[in-house]
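Structure, as structure tokens:
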Amino acid sequence: MSTPYAKLPAWADYGLIPLINLLVAFVVAGLVVLLVGENPLRAAVILVEGAFGSGQGLAYTLFYATNFIFTGLAVAVAFHCGLFNIGGEGQAYIAGLGIAIIVLAFDSTLPWWVVFPMAIIASALFGALWALIPAYLQAKRGSHIVITTIMFNFIAASVMVYMLVNVLKPAGSMAPQTRQFLEGGQLPKLGWLLAEFGLKVRPSAPLNISFLLALVMAFLVWVLIWRTRLGYEIRTYGFSSKAARYAGISETRIIIVTMLISGALAGMMALNPIMGDQHNVPLDFVSGAGFVGIAVALMGRSHPAGIVPAAILFGMLYQGGAELAFEMPNISRDMIVIIQGLVILFAGALENMFRPTIQGIFASFSPRSVGISATKGERA
Amino acid sequence: MEFVDALINILNSTIRVSVPLLLACLAGLYSERAGVFDIGLEGKMLAGAFAGAAAAAVFASAWIGLLFAILVSVGMALVHGFASITHRGNQIVSGVAINFIAAGSTIILGQAWFQQGGRTPSLPPEGRFGEIKLPGADALRDVPVIGQLYSGLLSGHSLLTYVAFLAVPFTWWVLFRTRFGLRLRAVGENPAAVDTAGISVAWLRYRAVICTGILTGLAGSYMALAQNAGFVKDMTAGRGYIALAALIFAKWKPVPAMFACLLFGFLDALSIRLQGTPLPIIGKVPVQLMQALPYVLTVILLAGFIGKAIPPRAGGVPYVKER
């Protein structure tokens, strides 16, 4: 039981094991489909076709993926620091408020390319602010950040309901949401980009320019974590807080700065649904994307190069899941929630379940690859 | 007398909304005292509620419903245990996973089995835990105050309500007066010491996690079989997290846990009652503020401004035998 996990070759560590975990998660999800009385293989075909089979489907897949890239990066940055930011949901929700303030003030006078940068800053600022208090409490008073960020999710939900119902709702309107944004608050769509590749995309497809922002952020996060001094400090602290303290890294500063970055990334997620698709701030527009970020970060092993494909995979599940609900009445979109849970379970909590077996296999083929120099007989 | 009636009314609804919180909170107590963090209370409660309602609907028996609720809830608790004890996985991640799996599968299975949009069929009276009238409740109804309190507040709850409140002294007794309780607390503070004493850390923690499963099963059954007549999708609506907040608020102690749950329940009951009615001095209090209050209070407590909440020392850390 207490044998240490020996080293595996990098490709097995970063490729094989996540792949096996993912596979198991999908097999279990397939069993659920079977339990509901549908054919899991057919379900998988419908899912993939719905997500990638048409230009329209692809546009939706990438639209959802945009949300998950932002929230996945947010969770990942915190992970690198050994922090678990479970509050992406609340941070993104509050960021909607920041965007609303900017857009409602300027959308009638300024063009989108002026409003957009301001909205980016506002969303990042509001998201970061919502992460600041939990970060401060963790750094200064030792309050567990998981609990405080969960609490802040609920507080955010209450604040936003209050703001939308009592403050932001235009007079005379019944629906608890802001007024419709004018031209200056609407982001250009990216459907034409897919059309360039000969795919058919209707102008209604919600894929928009914030997808590109998400990719830029993924790159910047990579630069931050692996190519800057701050990133090095974040990783050091995450790896061993004692070592970081010994090296003279300020604990308070690292925790707070990391959480601010994480909150800002989560906050930017709000740009995509609000300015890119809905053109207003409705209730509950985050709809779980903050939590999907956890699954995405775990699956992508907290590396942007893993997070982007993982986000696209979840985008595929969301888009394909909608098609699936259409074709198979017994399977609603909630199937994705199960898959998400299973991915978090197998790629996250049980990530080491298959490791000893795989190590055994590697060791029997090539002892050197797992760091065992002598044969087993000699060691015993 | 109108004031007494109103008071009894609001206290009565306080008890009703507190029961699932209390059961879930005590559930979390066992697990966290043994050093296994559990943010999956919500999911286990939800799964328990669904299993209970489904079984009660099929077999038309509240007791069979209860049995299935506990079985399913314990099953999910064991998954959490398997991930966090046996495989030393991240306990928070595992809890999040449990919540998602429960949220999704209750809707999918409910729709597939009953075709009512994720609901279970409305339960007949024999499929529910009905109200129990304490002896003499009717006779004492007209005695002012004491009689009113007895018949209006103490009597007329379901069996599970009484079980929940009896579970508080029982939990206290188990944790602080039995050998199992001593070991359970020890394994949450210093598992290495327990291991040195020749007691299996893993088995102790598994037993704690099973206790958690039983109690969350009870909490789910209360919601589906007593408070309501069946399962509605996402019916726990964050109560598992409030229970977690109450657990921290109570500093991981059973009797304060009861008071914390009653306080949060009272806030909830009050916010429903005060909806739209202005208060004398403060004016109209937004409902959202009342709803957010348990979370705000917990954060303030966690910040160390109302006493300090110190979690079990080994909480969240998987135990690795020294090599």
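Each residue's number is its place along the chain shown, starting with 1.
Each residue, glycine too, has its Cβ placed from N, Cα and C.
Record features (TrEMBL):
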- A:12-37: transmembrane segment (TRANSMEM)
- A:90-106: transmembrane segment (TRANSMEM)
- A:112-133: transmembrane segment (TRANSMEM)
- A:145-165: transmembrane segment (TRANSMEM)
- A:207-226: transmembrane segment (TRANSMEM)
- A:254-275: transmembrane segment (TRANSMEM)
- A:281-300: transmembrane segment (TRANSMEM)
- A:307-325: transmembrane segment (TRANSMEM)
- A:331-350: transmembrane segment (TRANSMEM)
Cβ contacts the transmembrane segment (A:145-165)/the transmembrane segment (A:12-37), at least three under 8 Å, sequence gap 6 or more: no
Tertiary contacts of the transmembrane segment (A:307-325) (same chain, 6+ residues out, Cβ under 8 Å): 43, 46-52, 57, 60-69, 72-73, 76, 215, 218, 292, 295-297, 299-300, 331-333, 335-336, 339-340
Spatial neighbours of the transmembrane segment (A:90-106) far in sequence, C-beta under 8 Å, 6+ residues away: 70-71, 74, 114-115, 118-119, 122-131, 149, 152-157, 159-160, 163, 168, 178-179, 181, 184-185, 262-263, 266-271, 274-275, 281, 284-286, 289-290
Cβ contacts under 8 Å made by the transmembrane segment (A:254-275) with residues that lie 6+ beyond its boundaries: 63, 66-67, 70-71, 73-75, 77-78, 80-81, 83, 85, 87-88, 91-96, 98-100, 103, 116, 119-120, 123-132, 134-136, 138-139, 145, 181, 185-187, 208, 210-211, 213-214, 217, 221, 224, 230, 233-234, 237, 244, 281, 285-286, 289-290, 293
Same-chain residue ranges lying at least 6 outside the transmembrane segment (A:281-300) that approach it to Cβ under 8 Å: 18, 22, 67-76, 79, 86-93, 96-97, 99-100, 153, 157, 160-161, 164, 168, 175-178, 266, 269-270, 273-274, 306-311, 313-314, 337, 340, 343-344, 347-348, 351
Chain residues in Cβ proximity to the transmembrane segment (A:112-133) (below 8 Å; excluding those fewer than six residues from its ends, i.e. six or more beyond): 85, 87, 90-92, 94-99, 101-103, 106, 148-149, 152, 156, 183-188, 209, 213, 256, 259-268, 270-271, 275
